[in-house]
Amino acid sequence: MDASTGGGGNSLPTTGADGSKRRVCYFYDAEVGNYYYGQGHPMKPHRIRMTHALLAHYGLLDQMQVLRPHPARDRDLCRFHADDYVAFLRSVTPETQQDQIRALKRFNVGEDCPVFDGLYSFCQTYAGGSVGGAVKLNHGHDIAINWAGGLHHAKKCEASGFCYVNDIVLAILELLKYHERVLYVDIDIHHGDGVEEAFYTTDRVMTVSFHKFGDYFPGTGDIRDIGYSKGKYYSLNVPLDDGIDDESYQSLFKPIMGKVMEVFRPGAVVLQCGADSLSGDRLGCFNLSIKGHAECVRFMRSFNVPLLLLGGGGYTIRNVARCWCYETGVALGHELTDKMPPNEYYEYFGPDYTLHVAPSNMENKNTRYQLDDIRSKLLDNLSKLRHAPSVQFQERPPEADLPERDEDKENPDERRGADSDVEMNDVKPSEDSGRRSSIQSVKTKKESSETEAADKDVTKVAVEHSRGTVPVIDGVGSSKQPPLNDTSLMAIDEPVSLKVDPESSNKSLDQPTTHQKQ
């Protein structure tokens, strides 16, 4: 029984206004910071390690269960992704990619989504954390966090926008085994197109995306895109313009999400906390403060519904680490001091060495009239949902077999210390350590030595991103067409059959594209 039926279920314990205490679990693999997209690429997994270091020095790791995710297996990934696409990700390497030119084009792997050392292990790691978080929520935890996850652009048969595997879709499928309805909320500056597309025809998942819309990657997310068939009105898109600030953002977020929670009554919520919507992001154009961004986390937490917090975009990495550290504190109900404690990456946060950064004086191009019009249209769409849909469960799919490693229960002589994550030599080799060995020392040093000045020297990837050039594909554009095949978009009215037959995939997604993420 989910919380919305009034029977309690997994509803969170209430203490005070919104319940200050939560049972929180946090997924982190110390090797995630070693993965390296390549010279000049805006996406830097090193930001996850920086976030973890801040959590350790603020003392937050002691307040939650710290888990190392079990890598997702092929069959876990194939619950959404096509078998041949997963097989390609598993087999391709920087040394062999020149022999697979056709496959690279078919699966949109190359420039924005490059082949790098340990690519498949990286996908397994971040997907394993998100699915593992969903499993924890299904078994009594109140909040689960995986800052390495949230890669919302990946499609069933192709990579897109720095994303290879859509861990969010996989986590939602896991949550649907226990909850009749799951809500997905996306506050990344880019439209959450991969997740919306996956659930576009179902009423069991509502997707709500707040994003920059216009001449901007991925070019989807028009306010008129509302879902199709049984999913009509279960997709909400909030198109925004440059320079939106905290006040304007919350004038939309709170009334819209309050109405969504009232009408849809989800049993669980997935919140993608992409930090590229912060002021000063290398690829972004919004003007949110860290507190303004975190207010979305605080608001969704207040509903006392099981909550999965995921990462996403974020390309000024010092601010990404600040943001996700602060939002971890929000999840725990713990206010952090602005003065930053000394840590391994202290020099990144100078000259002020504070947790918060003031927004800029950039122009807010979102007028009051535009904001009122958007809010009015979306609330009107929500008024057309008369009641929360119900689904009769006849058979529950098997559990995802992802036994997480609980670091609190490991042998003290073998486990990593809270702040020893930067010293990778102490980590015992795993089965795929041979594959990762080439990225252990050189790439770590290369990441740690990169300065923000070097980041400004944007190479071809970032230059192309800034152009916002996005071809419109049949069935995937600013105005969606009816899907060619419901199974390709993960119609989930029959949750017993979660694996998608690759033969029935949406053929339009197999066409080579040149998506450029801003």
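Keep in mind that glycine also has a Cβ here, set from the backbone N, Cα and C atoms.
Values in this document were obtained by computation on a predicted structure and should not be read as measured data.
Feature annotations, courtesy of TrEMBL:
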type	residues	note
DOMAIN	41-328	domain 'Histone deacetylase'
BINDING	Asp112, Gly161, Tyr315	substrate binding site
ACT_SITE	His153	active site, proton acceptor
BINDING	Asp188, His190, Asp276	divalent metal cation binding site
REGION	386-518	region 'Disordered'
COMPBIAS	396-435	compositional bias 'Basic and acidic residues'
COMPBIAS	444-467	compositional bias 'Basic and acidic residues'
COMPBIAS	478-488	compositional bias 'Polar residues'
COMPBIAS	503-518	compositional bias 'Polar residues'
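Straight-line distance linking the Cα atoms of Asp112 (substrate binding site) and His153 (active site, proton acceptor), rounded to a whole number, equals 12 Å. Using Cα positions, the member of the recorded positions His153, Asp188, His190, Asp276 nearest to Gly161 (substrate binding site) is identified as His153.
Distance between Cα atoms for Tyr315 (substrate binding site) and Asp276 (divalent metal cation binding site): 6 Å, as a whole number.
Summary of the divalent metal cation site environment: with the site residues Asp188, His190, Asp276 set aside, the chain residues having Cβ atoms within 8 Å of the Cβ mean position are Ile189, His211, Gly274, Ser277, Gly284, Gly312, Gly313, Gly314. Of all the Cβ atoms in the protein chains shown, 26 others lie within 10 Å of the Cβ of Gly161 (substrate binding site). The number of other Cβ atoms within 10 Å of the Cβ belonging to Tyr315 (substrate binding site), over all protein chains shown, comes to 25. Pairwise Cα distances among Asp112, Gly161, Tyr315, which the record gives as the binders of substrate, peak at 14 Å. For His153 (active site, proton acceptor), the nearest of the binding-site residues Asp188, His190, Asp276 in terms of C-alpha separation is His190. Over all protein chains present, the Cβ of Asp188 (divalent metal cation binding site) has 26 other Cβ atoms lying within 10 Å.
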